[in-house]
Amino acid sequence: MKGVLKGLAVVVEDVEFARKLYKEGFYGRFLGYDKVRREEVDKISAPLILALYEALYLAERGKLKVVSKNGTEVLPEKLIELGREKIKNFDDIYKIYKYFRDLGYVVKSGLKFGALFSVYERGPGIDHAPMVVVFLEPDRGISATDITRGGRLSHSVKKTFTLATVSKQTGEVVLLGFSWAKL
């Protein structure tokens, strides 16, 4: 099935396919809905909006065909090009997204927590995201402000605050987590 590239998002207009993608891994968000539980999905008749990194992940796995507004196929390489042009540190952000997805986690936007991603073990509406992930640019060291922010955020939302970057030497995802603890 397909999704249409619109700006930096991919819109899945076929409702049945949108529901299937969401049920499979909580990909994207339904237009006009915030958080949808798996048991509510069949009641939704709205398009599914995928972030560019979500669409790329699905396209690379053959689960989604991305097309332009005129119907021409947009290959994963073109999605990567677009991401690099429009999104700072796109390669690293995508690598971090892919890292967590490949480990079996559900990865959603972490914007409401001031983070890049919220990472769930099973999915929104099933469990709470135990981790919020903040991107740390590879050339930037960790500051006292980063550590303070991590401590405050992990305490206020009771989640593991995780700084994530990609090593310039190895190309591997590197994580540093701060957990909330009651002393």
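Yeah, the Cβs are placed from backbone N, Cα and C, and that goes for glycine too.
If you check Swiss-Prot, you get these features:
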ACT_SITE  Y120  active site
ACT_SITE  H128  active site
ACT_SITE  K159  active site
(request) Fill in the CA-CA distance, Y120 (active site) to K159 (active site), as an integer in Å. (result) 11
(request) Express the distance between the Cα positions of H128 (active site) and K159 (active site) as a whole number of Å. (result) 9
(request) Please work out which residue of H128, K159 has the most C-beta neighbours within 10 angstroms of its C-beta, and give that one of the active-site residues. (result) K159
(request) For Y120 (active site), just count the other CB atoms lying within 10 A of its CB, please. (result) 20
